[in-house]
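Features of the protein shown, as given by TrEMBL:
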type: BINDING; residues: 52, 53, 54, 55, 79, 103, 130, 131, 132, 133, 260, 261, 288; note: carbamoyl phosphate binding site
type: BINDING; residues: 161, 220, 224, 225; note: L-ornithine binding site
type: DOMAIN; residues: 3-143; note: domain 'Aspartate/ornithine carbamoyltransferase carbamoyl-P binding'
type: DOMAIN; residues: 149-298; note: domain 'Aspartate/ornithine carbamoyltransferase Asp/Orn-binding'
Ligand code: CP
Ligand code: NVA
């Protein structure tokens, strides 16, 4: 594996398999009360420009449960906020830390940190990608469906950071991914063009077409962090893209419904579907802990 985890485009199927099987193993051991100590003496720094509940806390809990330490720093409290160059910050932080977990608006900042710092840099969300979330979501899919090959995954809603990381995952693992997005909210074409094997990836504008016969129905908020000023304008455009009982009727009977959270119930997903028997959202949230352990351990101890 590469030193950094900035995008799933950098991981091949073997890398993903490695992380998935280690996360499964760590989850099993955690459930049995077996302690793992793979991060003793290691310090993980988290610098976040955007809000976070799950990603921040699961990375910090992951480091603690493996015997390591973590430090959370809001980027506003660092000298980055006063224009200290990223390259200078990176050259300082690599002397204190064993890994850096970043949540930033721009992907380029993370690429620059990764270029300069000798320690692993891990993308905890940018405007462009959310790779760690999709890795833990893949773990949830594997738990419920037992495989990736032959699955149909539907993405219904915005062609956003989550959609981009799902595109990368489908290209690497070879499952069918059909994204139903409004005309002006499709995934970035450069992400699709950059995806290795595009045979299984399709973008459509009809949510029923994406949901038809799907094993997995996936959605996310209509306005992501940083798009708050567009929220009102997006409402009417996205209304036909709501995951509701009509959409679920199109999917396979045993389809699972996924949402990375936080959810806006009544908007991208109805309360009924969100709280219904096909929803696996709490397992998704839990699996972030186990996957983040696997990511930290693999990258720090490589
Ligand atoms: N799913 C996710 O990344 O949640 P947070 O924004 O709470 O970290
Ligand atoms: N697409 C959402 C995901 C939040 C975890 C956002 O970027 O806000």
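Glycine too: its Cβ is placed from the backbone N, Cα and C atoms.
Because TrEMBL annotations are produced automatically, they should be read as predictions rather than curated entries.
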Whose Cβ lies within 8 Å of the mean position of the Cβ atoms of 161, 220, 224, 225, the L-ornithine site, other than those residues?
125, 127, 130, 158, 160, 162, 221, 226, 227
Taking the Cβ of residue 130 (carbamoyl phosphate binding site) as the centre, how many other Cβ atoms fall within a 10 Å radius?
27
Would you mind splitting the domain 'Aspartate/ornithine carbamoyltransferase Asp/Orn-binding' (149-298) into helix, strand and coil residue counts from DSSP?
69 helix, 26 strand, 55 coil
How big is the Cα-to-Cα gap, in Å, between residue 225 (L-ornithine binding site) and residue 52 (carbamoyl phosphate binding site)?
10
Nonlocal residues around residue 52 (carbamoyl phosphate binding site), in sequence order (Cβ under 8 Å, 6 or more apart):
103, 124, 125
Roughly how many Å lie between the Cα atoms of residue 260 (carbamoyl phosphate binding site) and residue 220 (L-ornithine binding site), rounded to a whole value?
7
Mean predicted confidence [pLDDT] for the domain 'Aspartate/ornithine carbamoyltransferase carbamoyl-P binding' (3-143):
98
According to DSSP, which of helix, strand or coil covers residue 132 (carbamoyl phosphate binding site)?
helix
Composition by DSSP (helix, strand, coil) of residues within the domain 'Aspartate/ornithine carbamoyltransferase carbamoyl-P binding' (3-143):
72 helix, 21 strand, 48 coil
Check the binding-site residues 52, 54, 132, 225, 260, 288 for any whose Cβ is under 6 angstroms from an atom of ligand 1, and report them in sequence order.
52, 54, 260
Among the binding-site residues 224, 260, 288, whose Cβ has the fewest other Cβ atoms within 10 Å?
224
For a quick check of packing: other C-beta atoms within 10 Å of the C-beta of residue 161 (L-ornithine binding site), how many?
26
If you check the binding-site residues 79, 224, 260 one by one, which have a CB less than 6 Å away from any atom of ligand 2?
224, 260
How many other Cβ atoms sit within 10 Å of the Cβ of residue 132 (carbamoyl phosphate binding site)?
24
